[in-house]
Amino acid sequence: MSQTISPVLSVVPTRALVDETFKMVVENLPPASPVTLHALLYSEDKDYWEAYGHYVSDHRGTVSVAEDMSLGGTYTGKEAMGLLWSMRPEPGSRTGLRLRKREVTSPMLVHISVYSGHITEGFRKQSPLASVPTERWYMAPGVQRIEIKEKGVRGTFFIPPGPGPFPGLLDMWGGRGGLLEYRSALLASHGYASLALEYFSPSELQSADLQIQYFETAFNIIKDHPQVIPDKVGILGLSLGTMLAFNLVAESTKIKPRCCVCISGHHLVSNRLMIDGSLPNDPKKLRFDENNYLIRRDVVLPVPSDPSQKIDVRNIKCPMLLVNGDDDQNSPTVEAAEDIGNMMRSGGNLHLLSTLTYPDTGHLIEPPYSPHFRATTVRAPRTKEKVMILWGGQTKPHSDAQEDSWRKILAYLHHHLYSSTTPKAKM
């Protein structure tokens, strides 16, 4: 490739929230030149993640990632954000990795580069034609991060920039335990005072039941905060966090959420005022696929006909949005959603239920442009052995579902938490 005129790579914006799109254009290439666009990230866990697409410049010597077709690589077709959502560990990396941001006060640094020719490996050993560093943030400028350790509650509270007051959210992750902040930081960046709740650490998984009072206290910490509109507090849960959300909205007499978003969870636990971190399961129903990945979706099936064996969703009095993938291999979300609809119909509250179900989508439905994790390594709670869990999903449709569901979740939250006659928060 002639180097008389150096190729120019532009990425706009170079600094953005993780759910924002960017535009990548290469100019000053010879016409009809094969090039590879490459994204590289060095994770906090000290692993390299990458994605790449193969392009051919047009008659002007230009490649636009948003407008041109990738002919090969980790994604194909016209995909403006393929260099992010198709990221995967660099060849030779440890198996079963999952990319999650732990330190939300710093960005994910993604280096976008263009290489001559259509290449598939060894990117870090070659010199790119041009390269641009970019920053992807979960936490917008002005968002406050406040560690919470009061009334026995542990977590991190994120307050949006501006005078407020703001709607609030209780944000609960799943059964692996620990404190994850990145979704709450992103929600605060969109105008919600969000508490990322730690409700057990991995070492506590078998040491105590999860008392509903803990979650009621956490909810009230949000409600009583001076920067929060007290009657505009919702709940958002993923996986085990969803089961806890069901329990709270169906059983608690002490809190009144304005709405609830439940991602990849179910109500198939006995109807009581606590949920045990181990959860009911029948080991005989555990399965393994051809790769020896663990499939857990069957352990609570078939759906019980006895209402006492389920959280009684007929008691739900607030709007609820279910977000599910129909290839979830960890949780029977589709079967559960059907039963939830039947129970709520019999209870006269079906009008409160909205459901999104996405084809070829797995369990780990994350914010947009996050890589898809079909299977990852986790430690078994009791034995501490490493096991590869199959979460499900296919990369392209799963990524489309993450983008679509996040947009609809934000619209749902805005409708229920911002739209009303009460004083509105300042966006």
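Backbone N, Cα and C atoms are what each Cβ position is placed from, and that goes for glycine too.
Record features (TrEMBL):
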{"type": "DOMAIN", "residues": "211-418", "note": "domain 'BAAT/Acyl-CoA thioester hydrolase C-terminal'"}
{"type": "ACT_SITE", "residues": "Ser239", "note": "active site, charge relay system"}
{"type": "ACT_SITE", "residues": "Asp328", "note": "active site, charge relay system"}
{"type": "ACT_SITE", "residues": "His363", "note": "active site, charge relay system"}
Number of Cβ atoms other than its own within 10 Å, given for His363 (active site, charge relay system): 28
What are the sequence-distant neighbours of Ser239 (active site, charge relay system), meaning same chain, six or more residues apart, C-beta distance under 8 angstroms? Trp173, Gly174, Gly175, Ile263, Ser264, Gly265, Asn330, Ser331, His363
Ten-angstrom check, please: count other Cβ atoms within 10 Å of the Cβ of Asp328 (active site, charge relay system), all chains counted. 28
